[in-house]
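Just below is one structure, and these are the notes that go with it.
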Amino acid sequence: MHNITRVALVGGTHGNELSGIYLLKKWDKTSQFARWPQLELTQTIANPRACEHSVRYMETDLNREFALEDLQNYRLVGYEQLLAKKLNQQFGPRGRSPVELMIDLHNTTSNMGACLMLLRKDAFNIGMAAYVKDRMPEAVIYFQDNLPKERKRFLISVAQQGVTVEVGPQPNSVLQQETLELMETMTAHILDYVVLYNDDKLASLPAGFEAFQYTEDLVLPTDEQGQRLAMVSKRLDRRDFHPVEPGDVIMETFDGVPICWEGDYTAYPLFINEAAYHRSHSAMSMSQRIVLRCADYF
Ligand SMILES: [Zn+2]
C-alpha cells in the first residue's frame, strides 16, 4: 500500500466560493492543521486575484485549464492559463507529482449538501467514501470517474490523487456558517481517513454504501440566437439527488410546454440550476444511484 503523506488543501480555485477560502483562514488561525501531525499538510489559495475580486475567474475557468496538452502549450497565455502552469509547477507536474493527495474546496449554488466528488474507483477512494459516509450520513458520495478524458481538466488532476469537496447551496460571494461547518466536517473526516489508511487501520469500514454515478449533462434548449427557450421545472427546484423517473417533467418552455426526462432510467439530478454554468445553458447533470461493496476493492 502506497502511503499518502503530502496533502495539499486548496481553496479559492473559484474566487467567489467562500467556504474553502475561509475554512483555510479559520484552520490557520486556530492551528487546526496540527490535528494531523502525521501528514505534511499545505494550504493554498489557487486563484488569489479572482478571490480579491470575488469572481469565479478573471478570464477563463481555472478549474478547466489542467489538460496536459494545455499545460504544455506555451501559446496559451491568458491569466488563468498561466496560473495553471504555475500551479502545475508548484504541485506537479501532472503525471509526476510529489503531492499524494489534493483536496479542492468548492461551493455550489445548487442544493447538493455536502458532496464528496471522486474521480477514481480504487481502494483509496472507495475507502474514503465509505469512511466519510459512515461518519457523516448526510454526505453525498458522487463518482465521476467515467467522465471522458477531455473533461478531466481539473486542478486536482495535477496531484497523484485528488478529491473535490463541493458544498451547497450557497450563493456566490456569500459565506454561510452551516455550509462552512459541513465543509469543515467533511474535510476533517477525509484527513482522519488518510491517517487510518496509512496506518492500515480500516478494519471498521462499513460493508457498503450508497453513492451516485455521473451519467450525462442536460442543457436548456436555445434558439438560433442562443436565447433560452425553457427553464428548469419548479418541480426540480432544490431537489438535487431526488429521483426523476422517465417521463417526469424536468423543464418547461416559456410558452408552457413541459419537457420530460427521456432517459430510460431513474435519474438523480445534481447541479440543478447551478449559477456558474449560465453560459453553457446547463440545466443539470444526471446520475444514477449505485451501491458499492468495499470488499470488491480491498
Ligand atoms: Zn467551484
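Just so you know, glycine gets a Cβ as well, placed from its N, Cα and C.
All annotation found in TrEMBL is predicted automatically rather than curated by experts.
Residues annotated as domain 'Succinylglutamate desuccinylase/Aspartoacylase catalytic' in TrEMBL: 4-193.
Every protein chain considered, the tally of other Cβ atoms within 10 Å of the Cβ of His106 (Zn(2+) binding site) stands at 22. According to DSSP, His106 (Zn(2+) binding site) sits within a strand segment. Taken from TrEMBL, the feature Zn(2+) binding site applies to His14, Glu17, His106.
Using a 10 Å radius centred on the Cβ of Glu166 (active site, proton donor/acceptor) and all shown protein chains, the other Cβ atoms total 26. What TrEMBL lists as active site, proton donor/acceptor is Glu166.
According to TrEMBL, the feature domain 'AstE/AspA barrel-sandwich hybrid' maps to 209-288.
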Protein Cβ atoms within 10 Å of Glu17 (Zn(2+) binding site), excluding its own: 29
Env. residues of Zn(2+) site, Cβ within 8 Å of mean position of His14, Glu17, His106 Cβ: Gly12, Thr13, Asn16, Gly20, Arg56, Asn63, Leu105, Asn107, Thr108, Glu166
Distant-in-sequence Cβ neighbours of His14 (Zn(2+) binding site), under 8 Å, six or more positions away: Asn47, Ala50, Arg56, Tyr57, Asp61, Leu62, Asn63, His106, Asn107, Ala276
Integer Å distance between the CA atoms belonging to Glu166 (active site, proton donor/acceptor) and Glu17 (Zn(2+) binding site): 10
